[in-house]
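What follows is one structure encoded as structure tokens, with my remarks underneath.
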Amino acid sequence: MRELALFELNCVCYCSHPPEGCKDFQQADTEHLSRWKRWKRTSSKSLKKALSEVKGFSSYLVLWRHDIHSIEGKFGTGIQSYFSFLRFLVLLNFIIFILMFSFITLPIIISKYGIFNNTIVNISPKYIDNCTIYEPSGNKGLVYFYTYLQDLLSGTGILEVTSLFYGYYTIDAIWISTMRYNLPLAYLLATFAYLALSLLWIIKRSVEGFKQNLVHDADPFQSYCNKVFAGWDFCITDPNAARLKHRSLQCELQTDLQEEKLKQKIAERTMKEKLRIYSLRIFINIIVLAILSGFFYSIYRVTVFSQENSNDVDNANFQANLLVQYLPSMVITLANFIGPLIFSFLIRFEDYTPAFEIKMTLLRCVFLRLANIGVLLFSLWSQISDCGTDKCKPCGYNYKLYPCWESDVGQEMYKLMIFDFIVILAVPLFVDFPRMLLVTHCSCKLVQWFGLQEFGISDSVLEIIYGQTICWIGTFFAPLLPAIATIKYFVIFYIKKICLKHTRKPAARPIRASSSNFFFLLVLLIGLILAFIPVGVSIARIPSSKACGPFRNFNTSWEVIPDTIVTFPTGLQQVLFGMASEAFAVPFFMIICIIMFYFTALARAHKRVVEQLREQLVLHGFTFQEMLMCDLA
Amino acid sequence: GVTFCPKELHGRYYEMAPNVVPMDYTKDPDVKLPMQLIINMPELKENPFKERIVESFSEDGEGSLSFNDFVDMFSVLSEMAPRELKAIYAFKIYDFNTDNFICKADLEKTLNKLTREELTAEEITLVCEKVIEEADMDGDGKLGYADFENMISKAVLHLQIR
């Protein structure tokens, strides 16, 4: 609300003497109350004071509070919202890590130290065959030094048998005195829990942004006057903030003028021109689809190639092996880099309004990034479920190449995450830093025209959302992945901060914080919902590997739940099975739809009421002014 | 929100020119500080309209403020001042040529101050036309006080509802 201060200065000096009659008034008031009420009042006052002190103290505990505050002051609220978003992701990943660690890894570690008894998974006889042969390379004794590096970077070898990956969790149950801690069930429930937690937390955060977006859109009424006469914030005393405000006002006015011009142009279009524009748009969309398919196909082929050649463990050439392993990540990163450039080039021909151009480009980039991960997973699954020529007969999946396929998927996600981290570290170091040095020390015109890199908020946000989606998908297959993600985002915060201060200049077009916050969370939500699909398919469709992991006894990972429900009392069983049947699901779905329609209608009605009230206030104010003027006359 | 006591204001006025401003104001001395000192105050330093603000409050119209003018300025700028008073002074501030109308030339100067002259001449003309179109009620091509007050009250009300 700072922007609304019309001719108001916050003077630094203030009076420390309270108004004279104040204290006497308060005392006189309390004399009339009974002792009970007096006690209530004083206790509520002290409680409020205590609460405000706790709030004040806990605000000091907020991570990076001072850093984000100073960024907001120097670079504006748009960039500050990016850093708040980073902080949110650090916390989210940390909580997910605590969840997975305490429910899954910690019991195993405790039981391995002998504090509790545990039972290892017993495999039923029908599977004992080739399905259970699983020999991770582990520690083979004397190896070259670089195999450790290779293992660290690709998650194979030593790392494969650690608690990082799914294959480590072979314990079936842990006995705490007489209670049985069902580990497979805990694993599955923890997975659902972290997905649900992320969903609820994101929705909670986006509710505030959504409320603002719903009630207030761009105000067409008197927008120029508002900007010219009521645009300047008289409370600004910092030169950087002033510079930002000047620039934002300039950009807002320019954008408004551009939209105005474009609207006029659109209105004046002849039928012939409209046809031309629409056919051009269709053509460009086809080109975009073709480019996307090209990317997807290349990712598919590269993944298949990488999988086929990296299973060749005897490959002695360290660098070639690493290259082959990282080939999918490299291709995906390349696609993520080239795609947005092509999209922003193409959209100029489509002749949209500037605001819509931005939205359209962002939409296409988001789709590209998230679909790339999807294609990678799809190609992995096509390899794992490659059941031609009876490759999967005993076990339901390609057991020869993938004795422990969950660990393999986990490794791919791990590689993606590590490569993403390396790229985010490398770009400032090898691109931005030299560029900044060139620009500051070389005064030749070409270099100065090139200038510093802009801090593109949308690109940076899409980067971290891409990383977070990988983390969500990968946590089922590699339970300690959130820890890596936490560390990664923690480091990224400082890198981006340094980048912002020294090597980049803020975007020419300042972005509003409220709309951008909502946009970030919306895209994050899309990423999360897309992450449900691979995890869901892995749990429910693909048979779990019989050679490793906690679900060796079950057909699919999901089967733990029906198995557990069978052990419940019959009444409860019937209720739960009833809930899963169609007779319940269809009416439930219909009721949810009705409730949703109700709330949408309510929101629309509220919006209408707000508009009406606003108009009334304006009219009321106008009439009041008129009355005043008549009075004076 | 803050209030300030006259003592604090006197302190601020004094410290801008300690060898000119007397400590004792009982004899109502005739001391005026030039505009250059006032517009360097931290509260006004970054304000694009600082010169106009100081000019509107100065009695001689040249920008030098006596202590009374100084107090007037801060009381109008504070939160406590009534909106009508603020509107009167706002109109004075935006009226660069002091002809009691905000004409196109005044608007152009306002825009240039707001955007630090980054807009092109064509853009400035367009925005000025739009502003006059939106706010001019009596159709004389410039904003009189009535037009301005009407527009400001609508602006404030609109912004407050967000």
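Including glycine, each Cβ sits where the backbone N, Cα and C put it.
Keep in mind that TrEMBL annotations are predicted by a computer and have not been checked by a curator.
The domain 'Core-binding (CB)' feature in TrEMBL is assigned to A:1-62.
Per TrEMBL, transmembrane segment is recorded for A:88-110 (among others).
TrEMBL lists A:185-203 (among others) with the feature transmembrane segment. Using a Cβ-Cβ cut-off under 8 Å and counting only residues 6 or more beyond its ends in the same chain, the transmembrane segment (A:185-203) has close neighbours at 92, 95-96, 99-100, 103-104, 107, 169, 472, 475-476, 479, 482, 521, 524-525, 528, 531-532, 535, 539, 550-551, 557-558, 560-561, 564.
Residues annotated as transmembrane segment in TrEMBL: A:278-300 (among others).
Under the heading transmembrane segment, TrEMBL lists A:326-349 (among others). With a cut-off of 8 Å between Cβ atoms, the residues of this chain six or more beyond the transmembrane segment (A:326-349) that come close are 153-154, 280, 284, 287-288, 291-292, 295, 298-299, 302-303, 305-306, 357, 360-361, 364-365, 368-369, 372-373, 376, 412, 415-416, 419-420, 423, 459, 466.
What TrEMBL records for A:361-381 (among others) is transmembrane segment.
If one looks beyond the transmembrane segment (A:416-434) by at least 6 residues along the same chain, the residues whose Cβ comes under 8 Å of a Cβ in the stretch are 153, 326, 328-330, 332-333, 373, 376, 453, 463, 466-467, 470-471, 474, 481, 484-485, 488, 491-492, 495, 498-499, 503-504. Taken from TrEMBL, the feature transmembrane segment covers A:416-434 (among others).
Marked as transmembrane segment by TrEMBL: A:446-466 (among others). A Cβ distance under 8 Å defines the sequence-distant neighbours of the transmembrane segment (A:446-466), meaning residues of its chain 6+ beyond its ends; these are 78-79, 82, 85-86, 89, 336, 340, 358, 362, 365-366, 369-370, 373, 420, 424, 431-432, 435-436, 438-439, 489, 492, 496, 499-500, 503-508, 511, 516, 520, 523-524, 527.
Here the transmembrane segment (A:472-495) has long-range neighbours at 64, 83, 86-87, 89-90, 93-94, 96-97, 100-101, 104-105, 155, 163-166, 169, 187, 190-191, 194-195, 198, 373, 377, 406-407, 409-411, 413-414, 416-418, 420-421, 424-425, 428, 464, 527-528, 531, 534-535, 538-539, meaning same-chain residues at least 6 beyond its ends whose C-beta is under 8 angstroms from one of its own. According to TrEMBL, the transmembrane segment annotation covers A:472-495 (among others).
Marked as transmembrane segment by TrEMBL: A:516-537 (among others).
Per TrEMBL, transmembrane segment is recorded for A:584-603 (among others).
Residues 328, 331-332, 335, 339, 342-343, 346-347, 349-351, 364, 367-368, 371-372, 375-376, 378-379 of the same chain lie 6+ residues outside the transmembrane segment (A:278-300) yet bring a C-beta within less than 8 angstroms of a C-beta in it. Computed over the domain 'Core-binding (CB)' (A:1-62), the whole-number mean pLDDT of the model equals 61.
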